[in-house]
Amino acid sequence: MVVAGALAAMACAIPGVWLVLRRQSMMGDALSHTALPGVVLAILFSQWLSHSFDWIPEHSTAEPILLISGAVLIGVLTSVLTEWVQRLGRVESSAALGVVFTSLFALGLLLIRLKADVHLDLDCVLFGQLELIVWDEISFLGYDFPRAYLVNGSSLLLNLILLVLFYKELRIAAFDPDLATVQGINSRLVNDVLMAATAVTVVMAFRSVGSILVIGLLIVPAATAVLLTDRLHLTIAISLVVAGLSAILGQILAKTVPVMVFQPLGFDQVQDAGTSGMIAVACGLFFIAAFLLSPRYGLLGKGFSRLKLRMQIAADDILSTVYRFEEQLGELYVSASQTEKETVWIPPFERWLAMFRLRRLGLLLASTQGLALTDQGRSRAAELIGSHRLWESYMQKHFDLPDDHLHETAHYVEHFLDEKMREQLKHELDSPDVDPHGRKIPDEN
């Protein structure tokens, strides 16, 4: 059961990466719905051939072929109809997609109701029956194993083969369709093949996880991977890993969470939950973790980066303020209250963090006499003051601004000028000794 779920999830993750990168995530939702009439028609056609002509024995290998054919047809049809509605109806792509997939999904549900005499379980199609796959076995190469292993494994293998063969075309068409056209790559054909492969993957996963939950397996592992890396090959690899781990974690959650939650409430009859649903929950948990903890794009990661930058700027402002007082008064120690008044824009918590950081790095000394710069701190402060005054000089030379308009801009820029940029400014300004206000530009050495 875990193996079948992992194979289905990993098979869905591969086309899902391209859907996410192409900003066609809703197309995965659409295909998981529009594939329903294709599946229903394929099963009805299979049943008709079996009962009327005995051409297709029940549960033969021809049935999956019909399902794949129906999926390919409906996948390409969805893409074509969406473009047709968008062009003729003069609506945006998302609206056209909504019209197409809701209509085709409704058609599939109608066919199921009209053919109630045919054994076609709506819950199985929509939500999957991962727990029952062990009862549907086939013989292959002398071994008996669940049919879902072969179906989902074949789907995964097909997607991997297509990925290897058309990696270049998929990559170029996903990021720059115009460049693909210039290089002779048919972007429309690439899109149709992707839609067909996605539809086949969705149909093959129906019996395992159902058409509704397959949406999560298409999009969530890929979206999780995109949050964690900007490298395409790593995105594909991470999405496969997340999909496989989601199947394992989903099985564990299905057996443990209901017991932990419901038995203390007196519902002793609740022993487990649907595995396919818990796989989708596990995917969601991985996405939430990446959304919060991703170093570059995670909510906490970006918040920490912003706090770190604000703390760095606050520390720089404290150092430069102490340096200015030291320069003006000619005293080693500067009053902490004076420094606080000159840096009133720094919030108390950030001030405390900045002071702690400066003391820990050995840039600032704090005692009952006041604040004093160490040699290392004075060197850093001289860099800041030098950057500030060089930028004021640059602004005065190239822009017609009053002298009292130079300080604020230089105050923002001083934190981001490195040694190379300062040398370029000195070269541009012929190594000035003073700024526009007549204050000496400190020698960093």
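In case you wondered, yes, glycine gets a Cβ from its N, Cα and C as well.
It should be emphasised that the depicted structure is a prediction, and the values quoted were computed from it without experimental measurement.
Copied from TrEMBL, the annotated features are:
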{"type": "DOMAIN", "residues": "374-443", "note": "domain 'Iron dependent repressor metal binding and dimerisation'"}
{"type": "TRANSMEM", "residues": "35-53", "note": "transmembrane segment"}
{"type": "TRANSMEM", "residues": "65-82", "note": "transmembrane segment"}
{"type": "TRANSMEM", "residues": "94-112", "note": "transmembrane segment"}
{"type": "TRANSMEM", "residues": "149-168", "note": "transmembrane segment"}
{"type": "TRANSMEM", "residues": "189-206", "note": "transmembrane segment"}
{"type": "TRANSMEM", "residues": "212-229", "note": "transmembrane segment"}
{"type": "TRANSMEM", "residues": "236-254", "note": "transmembrane segment"}
{"type": "TRANSMEM", "residues": "274-293", "note": "transmembrane segment"}
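Below 8 A, the CB atoms of the transmembrane segment (65-82) and the transmembrane segment (149-168) form no more than two pairs separated by six or more positions in the chain, fewer than 3 in all. Beyond the transmembrane segment (236-254), the same-chain residues lying 6 or more positions past its ends with a Cβ under 8 Å from any Cβ of the stretch are 1-2, 5-6, 8-10, 12-14, 16-17, 163, 217, 220-222, 224-225, 228-229, 272-283, 285-286. Within the domain 'Iron dependent repressor metal binding and dimerisation' (374-443), the DSSP-based counts of helix, strand and coil residues read 49 helix, 2 strand, 19 coil. Here the transmembrane segment (274-293) has long-range neighbours at 1, 5, 9, 127-128, 130-131, 208-210, 213, 216-217, 220-221, 223-224, 227-228, 242-243, 245-247, 249-251, 253-254, 257, 299-301, meaning same-chain residues at least 6 beyond its ends whose C-beta is under 8 angstroms from one of its own.
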